[in-house]
Amino acid sequence: MSTMTLNAGPAAAVGDSTAEQNLVNTKADIKTVGSPFCDDAKLRMRNVNVFYGETQAIHDVSLDIGRNQVVAMIGPSGCGKSTFLRCLNRMNDTIEGCRVEGELSLDGDPIYGAKVDVVPLRARVGMVFQKPNPFPKSIYDNVAYGPKIHGIASRRAELDEIVENSLRRAGLWNEVKDRLDKPGTGLSGGQQQRLCIARAIAVSPEVILMDEPCSALDPIATARIEELIDELRENYTIAIVTHSMQQAARVSQRTAYFHLGKLVEVNDTETVFTNPEHELTEAYITGRFG
Amino acid sequence: MQTPTLFALLLLLILVAYGTGFSRAIGAARSRGGIRSLASLPSYYGVHTALWCGLPALVILGVWLAFDDAIIRALVLGGVADRPETLSGQNLLYAQIQNLAAGSLVGESTPQLAAAAAHLNSLRQSGQWLQTALILILAVGLGAYALMRVTPELRAREKVEKVLRVILLMCACAAIFTTVGILMSVLFESLRFFQAVPVTEFLFGLHWSPQMAMRADQVGSSGAFGAVPLFTGTLMVSAIAMFVAVPVGLMSAIYLAEYASNRVRAFAKPLIEILAGVPTVVYGFFAALTVAPFIRDLAQSVGLEASSESALAAGLVMGVMIIPFISSLSDDVINAVPQSLRDGALGLGSTKSETVRKVVIPAALPGIVGGVLLAVSRAIGETMIVVMAAGLAANLTANPLESVTTVTVQIVTLLVGDQEFDSPKTLAAFALGLMLFISTLILNFIALHVVKKYREQYD
Ligand SMILES: Nc1ncnc2c1ncn2[C@@H]1O[C@H](COP(=O)(O)OP(=O)(O)OP(=O)(O)O)[C@@H](O)[C@H]1O
Ligand SMILES: [Mg+2]
């Protein structure tokens with residue numbers, strides 16, 4: 001294969017139709033390779049299609065996310081990673097014109113369907129967003145927000161305990177224990193993101209979805225969060241979208257590679273990064289596009 | 001030449017100056033190798049020439065028009081041998097001369113008057129000639145001078161922008177000076193009022209009846225200027241209005257911003273804003289003719305006594321008038337709350353209403369408070385509805401079914417009809433205006449401060 005990049009411009013596309021060009025252009029017949037299914041699946045997704053109005057953003061994706069597993073989702077920008085992730089806790093419901101088809105279930109309970117109540121579902125499947133989004137409230141109230149609305153704690157002491165525990169697990173307790181009543185928006189970016197993680201785990205979800213949680217952070221804050229993800233794996237199932245291959249390699253057990261709305265390859269993280277099965281995956285991880 | 005004609009001609013000259021400046025710049029550029037060789041773009045040379053041509057001429061024309069009449073008048077009156085000493089006598093005389101000059105004098109004229117009229121006419125004529133000549137020479141001369149200076153080295157853009165900056169500055173100053181001028185006049189007239197009526201009586205007096213006697217021996221020759229009933233009246237009407245407007249406006253804003261689909265929003269929002277376009281007079285007679293009698297009948301049917309003009313009627317209708325204010329300001333701040341906060345709350349399993357109540361509204365609250373304070377100053381300043389629906393009687397009462405009056409209404413009633421301009425009755429209007437000005441100023445100040453705080457939180 002040549003070393004030419006894929007987006008080398010129209011001249012290259014017309015003049016020299018390389019194997020890679022063909023790869024990208026053959027959108028129609030991408031079949032998922034590797035091992036998308038596992039025995040002990042926490043989340044099961046079968047034949048998922050997502051549409052934004054007329055345009056289809058996700059094409060026939062089937063994937064399992066195993067219990068207490070970290071699954072990384074990688075792929076070029078616009079390939080549908082966020083869209084897919086947001087299907088798992090129905091955050092796509094908030095987007096007008098977005099339609100989700102397919103079978104999705106959490107521990108065997110369906111995620112979509114007329115009878116499903118999204119409120120308890122989202123309490124079971126928490127989410128951490130790309131940009132830290134603490135509420136303009138005190139640090140304490142940020143973490144206590146979830147337990148309060150779900151009636152998890154009945155007494156103040158219980159609530160205090162949940163807040164402290166969540167902040168400890170998010171590795172933020174020591175930094176903020178003296179200023180719990182200060183606004184959460186006054187923290188640094190990395191601290192804010194850990195606050196958001198604490199806020200998410202305060203409602204004791206079963207699954208945590210993370211959409212590029214470190215993209216707004218510096219390397220040190222990133223390292224702390226990666227450490228945290230590793231610890232959280234003991235109790236939670238985690239799906240993380242990331243643009244950093246190193247991050248995917250460091251924190252995840254399995255890696256899913258998306259391309260143009262299709263799931264190209266799912267394998268053990270090690271396999272994906274050392275010996276990818278699909279040539280598109282190889283092209284992406286060796287940095288030839290994306 | 002008549003002034004309007006002259007003005008049109010001047011505009012034409014300015015256009016011509018722009019065109020020639022522009023093309024001269026292009027001509028100069030051509031011999032040097034393209035537009036890039038010019039210090040500025042050709043259009044700046046055009047504007048530069050046009051400014052030289054037009055600006056001084058316009059300024060001189062303005063000055064001329066401002067002093068023209070006064071000078072001619074002084075000259076004409078100076079030519080009259082036995083002119084009256086008093087100003088009003090001179091005014092009368094000059095008016096007669098003017099009428100005679102225009103050929104519309106009623107009554108007989110004297111030779112002296114005829115001579116003065118002829119003098120006036122000749123002065124006017126020569127003035128006109130002088131004006132035309134001066135303006136045209138200025139415009140053409142300076143325009144030509146600027147045209148000569150169009151060379152590639154001339155930094156036309158810098159000069160044009162300097163002039164533009166001065167013009168902008170002057171516009172800003174005009175607004176500021178007007179405000180200061182109004183404030184000063186209100187302040188000084190109020191001081192005069194406070195010489196006649198002590199400040200303490202005005203601020204703390206409980207009785208308002210500003211009738212002043214025309215003659216010293218008239219009954220009730222002294223008025224009472226206690227402004228407390230007016231302020232309580234204002235407070236009551238505004239409070240009732242806000243009581244209606246804040247909940248309704250806020251909730252309709254929440255509905256529009258958070259719940260309504262795009263289609264509903266697209267027609268509901270303009271519809272609500274139409275309320276803001278209804279003239280207050282219309283609200284006023286609606287309040288007076290429909291709402292007030294309805295309230296009176298309703299009150300009587302449950303055995304309460306109600307006057308046919310009531311604070312309640314005025315307040316309710318004023319509240320309706322203010323709804324679009326609050327709803328559209330709140331709608332804006334609610335929309336400005338970042339979507340990421342809603343996503344964060346929903347992602348934790350909040351319901352829609354929990355998200356709105358516990359995250360969106362608290363986040364938007366400073367902005368909403370700012371909007372409400374602006375609406376309050378609007379309510380305090382509103383006059384028409386209260387005049388029509390709440391009455392004129394300065395009652396000191398806490399009963400919303402009685403008629404009350406407000407500060408603005410009293411200002412209006414103090415000044416309608418023939419008034420002496422230095423009686424305390426008239427001057428009281430200035431004192432009331434001053435109080436009103438100070439209170440709305442404080443409110444606006446707080447509102448802007450709160451809104452600014454809110455901005456800082458999210459930027
Ligand atoms: N709200 C929306 N309305 C319409 N189209 C959308 C919407 N959100 C995303 N899309 C489209 O869906 C496709 C997938 O978008 P998505 O945000 O899932 O990509 P992504 O893989 O997360 O990209 P990135 O790495 O840049 O975050 C894109 O083509 C995008 O333009
Ligand atoms: Mg994304």
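Using N, Cα and C of the backbone, Cβ positions are placed for all residues, glycine too.
All TrEMBL annotations are machine predictions without curation.
Feature annotation from TrEMBL assigns domain 'ABC transmembrane type-1' to B:231-447.
Feature annotation from TrEMBL assigns transmembrane segment to B:49-67 (among others).
Remote same-chain residues near the transmembrane segment (B:129-147) are listed as 1, 3, 6, 9-10, 13-14, 16-17, 20-21, 24, 48-54, 56-57, 60-61, 64, 68 (criterion: CB distance under 8 Å, separation of at least six residues from the stretch ends). What TrEMBL records for B:129-147 (among others) is transmembrane segment.
According to TrEMBL, the feature transmembrane segment maps to B:167-188 (among others).
The transmembrane segment annotation in TrEMBL covers B:230-259 (among others). Outside the transmembrane segment (B:230-259) by six or more residues, the chain places 208, 265, 268-269, 272, 311-312, 314-316, 318-331, 334-335, 352, 356, 360-361, 368, 372, 375-376, 379-380, 382, 386, 390, 394-398, 400, 404-408, 410, 432, 435 with a CB less than 8 A from a CB of the stretch.
For B:271-295 (among others), the entry in TrEMBL reads transmembrane segment.
What TrEMBL lists as transmembrane segment is B:310-329 (among others). Within the chain, the transmembrane segment (B:310-329) has long-range Cβ neighbours (under 8 A, six or more residues past its boundaries) at 233, 236-246, 248-250, 252-253, 256, 269, 272-276, 278, 280, 283-284, 286-288, 291-292, 295-296, 367-368, 370-372, 374-375, 378-379, 382, 385-386, 388-391, 400-404.
The transmembrane segment feature in TrEMBL is assigned to B:359-380 (among others). Sequence-distant contacts of the transmembrane segment (B:359-380) (same chain, at least 6 residues past either end, Cβ-Cβ under 8 Å): 234, 237-238, 241-242, 245-246, 249-250, 254, 258, 318, 322, 325-326, 329-330, 332-334, 336-337, 341-342, 344-345, 350, 406-408, 436, 439-440, 443-444, 446-448, 450-451, 453-454, 457.
Marked as transmembrane segment by TrEMBL: B:427-451 (among others). Cβ atoms under 8 Å from those of the transmembrane segment (B:427-451) belong to residues 183, 185-187, 189-190, 192-194, 196-197, 202, 210, 225, 227, 230-231, 366-367, 369-371, 373-374, 376-377, 380-381, 407-408, 410-411, 414-415 of the same chain, restricted to positions at least 6 beyond its ends.
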